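A.B. asks: Quick paste of what Swiss-Prot says about this protein:
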- PRO82: site 'Important for tRNA non-discrimination' (SITE)
- GLU167, ARG211, SER359, ARG363: L-aspartate binding site (BINDING)
- 189-192: region 'Aspartate' (REGION)
- ARG211, ALA212, GLU213, ARG219, HIS220, LEU221, GLU356, GLY404, GLY405, GLU406, ARG407: ATP binding site (BINDING)
- GLU356, SER359: Mg(2+) 2 binding site (BINDING)
- GLU356: Mg(2+) 3 binding site (BINDING)
Amino acid sequence: MENRTYTADAEPGETVTVAGWVHEVRDLGGIAFLILRDTTGQIQVKFEKDEMDDELVETGLNVARESVITVSGDVEEEPRAPTGVEVTPETVEVLSEADTELPLDPTGKVDAELSTRLDNRTLDLRSEEGQAIFEIRAEVLRAVREAFRDANATEINTSKIVATGTEGGTELFPITYFGEEAFMNQSPQLFKQLVAGSNIERVFEIGPIFRAEEHNTPRHLNEATSIDFEGAFCDHTDAMDVCEQVVTAAYEAVAENCTDQLEALGITEEFEVPETPFPRLSYEEAIERINATGELDEQLVWGDDLPTEGEKALGDDVGGHYFITDWPAEIKPFYIMDHEDGELSTGFDMMHPRMELVSGGQREHRREELIAGFEQQGLEPEAFEYYTKMFKYGMPPHAGWGLGGERLLMTMLDLDNIREAVLFPRDRQRLSP
């Protein structure tokens, strides 16, 4: 829009044209106020009824909330106004009239159920809180990319349509691909390993993953954003170091560049950048500490995966981000390298006190051992021939991890439900919008 001024840039003494949504109208008799909202904030528009054209006043005061308008006029200093300035209008033009009955209140004065908010996402994102979450999300992804570049990693984009699942199993969305069965990719794991085996060496990807899991919890999605790293000539400890750097960089960027957004969410004082290095607990130590809390009905034994209540008990005990290392080889994927004893793997998880954020480890780069890993987990190596054949041509030791982008944001901002961190979430019940 030509000659438009954002509300945050309107200065006393200027003649401006501002455009946005009608946030609120207050009629006090001889004088009335309209609050106009745009992406940068709000500005007050003053109507002095006895001194203005009747048609101008009627247009400004009878327009429904959330209608889209432009206002042209002079900016004056007014300490009592929400932003210290106000506009005396010369013209008001209604660009799009809103219904008088709205499915939710973007001002936040009336609470709405999450399902109502997601069904009416455009309206929901007009709230300060909704806008703040996704501005912070954008800053997180910007900082993550910068941290990866600082770690000498190159951004890649891998296929999301595959012939076989990354980890086998049934948690795949099947599709028809020119008459053949194919699947939506559940992870870029195998692809990023193949690229790390080239001269590029260190790679990262930020992209969607699809998992046909029938979970219906506040922390699971069927389409999510995965932040992935893979590095040649890296072991599992190197990968954990990069993970710490990336996660900490995201927090630091938000703390420095998103103070207004954090204030809108009411978490300015509670927001803390994680201390490094993150504690590193072995799987065995994790089980011992969980059992010692007495929070579980039954004691965990070697080989058990950690239940949700166990993760929570351990998170409360540790009190910050931490790693769990040296998992039993039998409960980690086939591509994770084992330690020399064969009982423990190089796999690790990075945890927030509320939940798991990252899964990673050193990968098996020796072809014969990799094939054996397939067979031990009941997978057919022939189905992954495109992957295994590249290990015949010299595959360096390599390690990496995958981080759930929405989980990172959810835990960073203490959101109640992971769906709040997604524009248009996909779960078992939601396919639209």
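Placed from the backbone N, Cα and C atoms, the Cβ positions cover glycine too.
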A.B. asks: Compare the C-alpha of GLY405 (ATP binding site) with the C-alpha of each of the recorded positions PRO82, ARG211, SER359, ARG363, and give the closest one.
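C.D. replies: It is SER359, whose Cα lies nearest.
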A.B. asks: With Cβ-Cβ distances below 8 Å as the criterion, list the same-chain residues six or more beyond the ends of the region 'Aspartate' (189-192) that contact it, or say none.
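C.D. replies: 156, 158-159, 166-167, 203, 205, 228-230, 333, 335, 384, 387, 400, 402.
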A.B. asks: Just give me the nearest neighbour of ARG407 (ATP binding site) among the recorded positions PRO82, ARG211, ARG363, Cα to Cα.
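C.D. replies: Nearest by Cα distance to ARG407 (ATP binding site): ARG211.
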A.B. asks: With H, G and I counted as helix, E and B as strand and the rest as coil, say where DSSP puts SER359 (L-aspartate binding site).
C.D. replies: strand
A.B. asks: I'm trying to understand the geometry here, so how far is the Cα atom of ARG363 (L-aspartate binding site) from the Cα atom of PRO82 (site 'Important for tRNA non-discrimination'), in Å to the nearest whole number?
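C.D. replies: The Cα atom of ARG363 (L-aspartate binding site) is 57 Å away from the Cα atom of PRO82 (site 'Important for tRNA non-discrimination').
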A.B. asks: Across the region 'Aspartate' (189-192), what is the average pLDDT of the model, as a whole number?
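C.D. replies: In the predicted model, the region 'Aspartate' (189-192) has a mean pLDDT of 96.
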A.B. asks: Would you mind listing, in sequence order, the residues at least six apart from GLU356 (ATP binding site) in the same chain with a Cβ closer than 8 Å to its Cβ?
C.D. replies: GLU311, ASP349, MET350, ARG407
